[in-house]
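Pasting a structure below so you can have a look.
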């Protein structure tokens, strides 16, 4: 008498954009929050490879609408916070306190993730999984928190030298540092189309950057500034790549471990790190180390005090900061719920179209003007990302077709 052997569910990791909105293509599992970016920061989750729970059409609309609204609002507030000049023209100032901003964002994300774990555990009548299930998992998680916390300031610093649309396009190149690390460090090989996608996206960013509509008088001066901005962005992307590679290691080594658990763990550790920096930095400012690091904290006042004073002078910024952090946290939760009800392939389309809508929203809301060549650069970037999504969708469909029927008979 024959019996059937069920196929073992495979893992699928999805990154939630956190800091930087950041984010790798969702086809590989990447979805950011632009600055954390986890913030930004990036979070992964998992679901069985063959599981596409049939959610209702109403749920689909709510999930997709929630992702769009959360991350479009997140990107809008990020640009407004970091690029708007506040106060009278004679004494205008900008919000430049990226560590403070990251602290608010990571703390709210940790709280939201913890609440999500508790609610889902309560609804399933099961205890919530521990955020740190083993002692050994702490060290790679701590590395992720350090690297993601370092990545965000470079991203925000680049916005002083490049516009937000360039920032968005460059953040779409996260496949490049991930592949570079895997090829150089882990000696991993990728399909030819992956290299073609990287080349296409990189070319698009280069075309967009080189054809900024500036006057000839400003062109020479701003050219060097743009190059410096792209250099800062490249460091940000390198840290993002290291973050993603370490996350891959965590999910491959410590099983089972879900994205919700990592969301809480990474944001909790990131908050501890940034709070520690906000506390220590005033004491470092007046020291030789602070001078070597180039800290300019107004005679040891510290970033927290400076940021708090800024919010008191411009209260509207405080609401923007809270809204920015809340949108990032809720966006991640919408992603987790969507993955539990629908296929992750849905997120491929959602992420690509959301990034395009973010760029269009930036053009409309903040009066950016793009030249014809810049639109060509945009087309190259999103054409490459879209092509990657289509190819991966076909590959996945072919693999699932090859697995049919879903069980193997053994005697």
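Positions of Cβ are set from backbone N, Cα and C atoms, glycine also.
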So which range, 372-391, 392-411, gets flagged transmembrane segment in TrEMBL?
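That would be 372-391, the stretch labelled transmembrane segment in TrEMBL.
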Ranges 34-54, 97-117: which does TrEMBL label transmembrane segment?
97-117
From 223-243, 286-306, which range did TrEMBL mark with transmembrane segment?
223-243
Look over the recorded stretches 57-77, 137-158, 164-185, 192-211, 321-339 and say which has the most C-beta pairs under 8 A to the transmembrane segment (223-243).
137-158
Under 8 Å between C-beta atoms and at least six residues away from its ends: which parts of the chain pack against the transmembrane segment (192-211)?
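162, 165-166, 169-170, 172-173, 175-176, 179, 226, 230, 371, 373-374, 376-385, 387-388, 391.
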Determine whether the transmembrane segment (97-117) and the transmembrane segment (321-339) share at least three Cβ pairs under 8 Å, counting only pairs 6 or more apart in sequence.
yes
Which range wins on Cβ pairs under 8 Å with the transmembrane segment (264-285): 137-158, 164-185, 321-339?
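Of the candidates 137-158, 164-185, 321-339, 137-158 scores highest.
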At an 8 Å Cβ cut-off, counting only pairs 6 or more apart in sequence, do the transmembrane segment (372-391) and the transmembrane segment (137-158) clear the bar of 3 or more pairs?
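Counting Cβ pairs under 8 Å (6 or more apart in sequence), the transmembrane segment (372-391) does not reach the transmembrane segment (137-158), since there are fewer than 3.
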